[in-house]
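Per Swiss-Prot, the features are:
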type: MOTIF; residues: 14-24; note: motif ''HIGH' region'
type: BINDING; residues: Cys145, Cys148, Cys158, Cys161; note: Zn(2+) binding site
type: MOTIF; residues: 331-335; note: motif ''KMSKS' region'
type: BINDING; residues: Lys334; note: ATP binding site
type: DOMAIN; residues: 577-679; note: domain 'tRNA-binding'
Amino acid sequence: MSEARQILVTSALPYANGSIHLGHMLEYIQTDMWVRFQKLRGNQCIYVCADDAHGSAIMLRAEKEGITPEQLIANVQAEHSADFADFLVNFDNFHSTHSPENRELAELIYTRLRDAGHIATRSVTQYFDPEKGMFLADRFIKGTCPRCAAEDQYGDNCEKCGATYEPTELKDPRSAISGATPVLKDSKHFFFKLPDFEAMLKEWTRGGALQESVANKIAEWLDGGLQEWDISRDAPYFGFEIPGEPGKYFYVWLDAPIGYMASFQNLCKRRPELSFDAFWSKESSAELYHFIGKDIINFHTLFWPAMLEGAGFRKPTAVNVHGYLTVNGQKMSKSRGTFIKARTYLDHLNPEYLRYYYASKLGRGVDDLDLNLDDFVQKVNSDLVGKVVNIASRCAGFIHKGNDGVMVEANPEPELWAAFQAAAPSIADAYEARDFARAMREIMALADRANAWIADKAPWALNKVEGKQAEVQEICALGVNLFRQLVIFLKPVLPNLAAAAEQFLNVAPLSWDDHATLLANHKLNAFTPLMTRIEPAKIDAMIEASKEDLAASEAAVPAGNGELAKAPLAAEINFDTFAAVDLRIALIEKAEFVEGADKLLRLTLNIGDATRNVFSGIKSAYPDPSKLEGRLTLYVANLAPRKMKFGMSEGMVLAAGPGGSEIYLLSPDNGAKPGQRVM
């Protein structure tokens, strides 16, 4: 047997400013399954995480609730911990970035970077809220767009016309926090010299640590030239003060990944057999894996390895990136009841249903995963209840009734048993490669073979034939052994089902190596149902409860939906003014990200006999722009072209919604054709 590996695994830190939802759970379930597989194989695999507990958002929410930030993050951590535990996510340690360990490590890494010449300082001019006494990030500044005069726009981007600009260009700026008129003020900021590590990053990102598509994306940033990274924020700020710099704080993304190290260090204090340096020193032979979403790859594949390199620590073995979660083919929606909190799900359904469904769809890539609720019900009921559990329920009764619960020593179908044995290495390889979907397909193919064999032998019919009872016992003994095999293969995904099966099988906790053995002359415990089918009514109840979550979280609204109160009707215009706007149907032929733009997508539009290029500020609502391709939309064709730093924008597309994730691109009814005029 090969020597046990030493592995440290992390998931991205959940922000301590709200509840966990099913989109978050995708990552933690994915990570937990991989960790459980490693432990099942006998490796030393340690899984740590923490709440990301710093930043202005937490400070402001705590102020709004009339509590301290410390009280807020303690309350949220208790909620997060309960949700994770009930979803069977088994951290070895779940800590907080607001901890003595994280402060100590953040200061250590910063001072090492500073002393090595990797920190720069310079003056930055920013808007300052004189009423709150704080500098304002772009998202905390609102005003009138300098391009289209739309009101209530953010400090760097107009969500109506798609323009990007500097906060100082915004007309009638105001603080989104206090409503006060901000003033420009200079402040000393601290920058991490990321370009110092460009050569190292080019080599590391192409060295096998990243999925190919992620490495390709990072290469775009590297080829475009790296910029120094602003790592400081001014007081008031909830976080750690920079050593020797009163009133200056580490930006939340500086100390957040250090939280991985801090959580592990905290665990080391409670488990003296663990050594911090054995996992984090530059000479470490241990493996280090980060599981993250595709929205934060720049922090984990550029800033983080550069910080570690500059401070004399080891870099990650690999960073595993996953896509976003959609529900029923669309973004999670509060109004549709598909923005489902972890606790709302747990109030209605077994967590292992979702663990299995996620596993069945999680491959090696970074594609988005769709939770189709009809498919979810069908797959769980068919695979887990109809295939896996069905084998045990078919066979257990005959063994109890015919042989007092004792499995006979028999293998009446050596070829089938050998097929299960032969599949084990491939299933293990799929788990190791984090290709859970392939592992589930191979496991269910085995379950199909076992069920087909039992159906062909029909022990229920043989049991009625005199003299066939011994054959029935042999068939059912092998059936239970095949069930035991499937339980071993599924144990990383379904730990509760495995524990219940171990109780029925009357065995100690199963390890991966147990798949090579047959139970013989072995007494079983009484069989009880191991998993029940999903009732569609429970899905409906969960959706309704999610809508109620939304209603409960919103203050009472006036009659109607309140949209006119948010955006009053504009001044009346005559028909000629309206007719001057040339609205056309446009086919989106291509939709893509704009490098360097936080909120823009580049759309190539077919308007019948011509194509147009448009930049639109809808990125936040459409994280996978390729899904817009082939869709019809409404296009303002005679708007004067506008030169932007990313290129020329030739008109604009129409969308509704308040902004952020709630932007809804308008589409015509069926039958409309590109180029047709909208009247």
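Just so you know, glycine gets a Cβ as well, placed from its N, Cα and C.
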Original post:
Other than its close neighbours in sequence, what residues sit by the motif ''KMSKS' region' (331-335), given a CB gap under 8 Å and a spacing of at least six beyond its ends?
Top reply: 21-23, 325, 546-547, 549-550, 621, 623, 661
Subject >> Long-range environment of the motif ''HIGH' region' (14-24) - Cβ separation under 8 angstroms, sequence gap at least 6 >> reply: 49, 51-53, 55, 57-58, 61, 72-73, 76-77, 79-80, 83-84, 96, 324-325, 327, 332, 339-343, 345, 354, 371
Original post:
Given the binding-site residues Cys158, Cys161, Lys334, which one's Cβ is surrounded by the fewest other Cβ atoms within 10 Å?
Top reply: Lys334
Original post:
Relative to the mean position of the Cβ atoms of Cys145, Cys148, Cys158, Cys161, the recorded Zn(2+) site, which additional same-chain residues have Cβ within 8 Å?
Top reply: Pro146, Arg147, Ala149, Ala150, Gln153, Glu159, Lys160, Gly162, Ala163
Original post:
Per DSSP, what is the residue tally for the motif ''HIGH' region' (14-24) in helix, strand and coil?
Top reply: 3 helix, 2 strand, 6 coil
**OP:** Taking helix as H, G and I and strand as E and B in DSSP, count the residues of the domain 'tRNA-binding' (577-679) in helix, strand and coil.
**Re:** 10 helix, 46 strand, 47 coil
